[in-house]
Amino acid sequence: MALTEVYWDHHIPLPRLAPGLAKIIVALLALLCFVNSYDGEFVFDDSEAIVNNKDLRPTTPLSNIWSNDFWGSNLSSNSSHKSYRPLTVLTFRWNYLVAGDLHPVGFHVLNIILHALVSILMIDIFAILIGGLDYDEKGWIVNHAPKTSLLAAMFFATHPVHTESVAGIVGRADLLCALFFQLSFLTYCKAFNTGSNRDERFSVHWVVVSLSLCAAAMLCKEQGITVLGVNAAFDVLLICNVNVYELSQKLLLRKNGFDVSEMFRMGLLRRLALMLLGGLSMLYARWRIMGTGPPAFTEVDNPASFAENVFLRRLLCIMVLALLCLYVVRCALRSHQWRSEQSLFISALSVCPLNAKVHYNVGKNLADRGNSTAAIIYYREAVRLHPTYVHAMNNLGNILKEKNELVEAEELLSKAVSIQPDFAAAWMNLGIVQNSLQKFEKAEQSYWNAIRFRRKYPDCYYNLGRLYADQNRHVEALNAWRNATVLKPDHSLAWNNMVILLDNTGNLGQAELIGREALRLLPEDHTIMFSLANVLGKLQKYKESEGFFLHALRINPNAASCHGNLAVLYHRWGKLDLAKKHYEYALKLDPEAPGTRDNYNMLLRKMDQFNRSLP
């Protein structure tokens, strides 16, 4: 299994270092390449996998991690990508708990540390693959190619191809998968270190441990299962020294028969059977977890050569050093570009100027930062490059809707749903535009289409309720908003609209009940407090009304309307000095507040009359 020291290892232009020092150097190089990404933002897929993923929140049951995909969607959903990586999500959740919130620094630091660990382990991996498998008396790997394995690990640690995996937080799936992949391979190798028991060909215990680590790698990212193929190939080619060419000739041409007794004696077939059984079990479990169906994706989602004396002629030493330096610089540049979505997507434009997804990402980033005018340019270019890019059409239609360019927005959204009829979000946005255009029947149909394709769609029920309210279809509006709150109990706008509608239609008792129910679920929502306080004031429950107004003002002290309505309450209640105080607060915050100036003048006249009537 082991070789003597690789004959060309001494030609490597590196000093021979102690194993510990070699690992420290590789770790420092790995850290140096990516340390400038430690304070980067959440970028690109981080938004969906981390920022918007409720599975990271302490309020979400931990069990959800095992039934949802990497992005927080239920695996049984048709829209799920079936990316089942619960161990990776578990580390994200740990980051969240340690930091107490979504602070990207901790996420980035852990990624950088994991890259350093993976790079360190590559020394042992390369030592085995290049110098052969050998252990000393203490059970430590003997490195017969110390210089070569160190150089290879240095190139691995500094290669720019790792930028996305390290600087992008969602790349942790690659890092964790690689770590458990390496550990699975190394423990499989450990199975052949039987110590003094030379009669035992291998340790079943270590093979089982290797299979367990393979399962862990697969639970970090799907590709982790491929370590079984690496282990099998390593066993066949390097442990058992099977000549694959001769074996294939015997099997295909049936020459001299094929004697399997030697393979039985060496335990190869037992090990392969164990790995096959383990691999099939993992694949079956993965298939069941996926819901026995494939994931649904949309359309838009270099060779080395060797020569004799290759490491002789001082020029080559300089070239090797220059390549390492180039890798370090390139890593630093790319990780700097990964610090924010803006710099990442802008850098992609220079590389892929004709890629519609790149223009879409730039446009989305600009829109998220409030620059909708510039975002329109990039969304239009994305649609021009890819005329059936429905997500670009949807986002462009939304911006045009906000700019009141409703006709073009309707055209874009109509085209999007004609291309992809089950695009629920586009149907809802089309309904909003049609409602603004007073095409009420079409708007209602668009909303129901959205709900047909996404049954649990609280925002669509909310907008449907607004449509019904605009048409004075009050009962239907209340039912739609109630559906929104059933699907999403913290839907503040739906709760508030129910209270306001019931208030406006004179159903004060029911409005009070709905308001109190909403505040039990959203005890710090100042808008619902404001609406409930208005209802209680009309019911002459002045003390309770005052309490809700004051609580709302403690949360949002600069709300002119809240000061104004509290002043009206005090005015009715006869607390004229307090009424005067809050009228003045309201007018200071919003001098043009409708009705407040008239009410204030009325109060001043009343106070003047009262003062004159005193003896």
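Just so it is clear, glycine is given a Cβ too, placed from its N, Cα and C backbone atoms.
TrEMBL annotations:
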type     : residues : note
TRANSMEM : 20-38    : transmembrane segment
TRANSMEM : 112-133  : transmembrane segment
TRANSMEM : 140-157  : transmembrane segment
TRANSMEM : 169-189  : transmembrane segment
TRANSMEM : 201-219  : transmembrane segment
TRANSMEM : 225-247  : transmembrane segment
TRANSMEM : 268-287  : transmembrane segment
TRANSMEM : 311-329  : transmembrane segment
REPEAT   : 356-389  : repeat 'TPR'
REPEAT   : 390-423  : repeat 'TPR'
REPEAT   : 424-457  : repeat 'TPR'
REPEAT   : 458-491  : repeat 'TPR'
REPEAT   : 560-593  : repeat 'TPR'
Within the same chain, where does the transmembrane segment (140-157) have neighbours whose Cβ lies under 8 angstroms from its own Cβ atoms, ignoring anything closer than 6 residues to its ends? I mean 6 or more beyond.
2-6, 8-10, 12, 14, 16-17, 19, 22, 25-27, 29-30, 33, 115-116, 119-120, 122-124, 126-128, 130-134, 189, 320, 323-324, 327
By a Cβ-Cβ criterion of under 8 Å, what residues six or more beyond either terminus of the transmembrane segment (20-38) are in contact with it?
105, 108-109, 111-112, 115-117, 119-120, 122-123, 146, 150, 153-154, 157-158, 162-163, 166-167, 327-328, 331-332, 335-336, 338-339
Distal contacts, the repeat 'TPR' (390-423) - CB-CB under 8 A, six or more residues away:
298, 300, 356, 359-360, 363-364, 367, 372, 375-376, 379-380, 382-383, 429-430, 432-434, 436-437, 449, 453
Surrounding residues of the repeat 'TPR' (424-457) on its own chain - C-beta under 8 Å, 6+ positions past either end:
390, 393-394, 397-398, 401, 406-407, 409-410, 413-414, 416-417, 463-464, 466-467, 470-471, 487
Going by DSSP, how much of the repeat 'TPR' (458-491) is helix, how much is strand and how much is coil, in residues?
27 helix, 0 strand, 7 coil
Taking the transmembrane segment (225-247) as reference, which of 201-219, 268-287, 311-329 has the most Cβ pairs under 8 angstroms?
268-287
Counts by DSSP class (helix H/G/I, strand E/B, coil) across the repeat 'TPR' (356-389):
27 helix, 0 strand, 7 coil
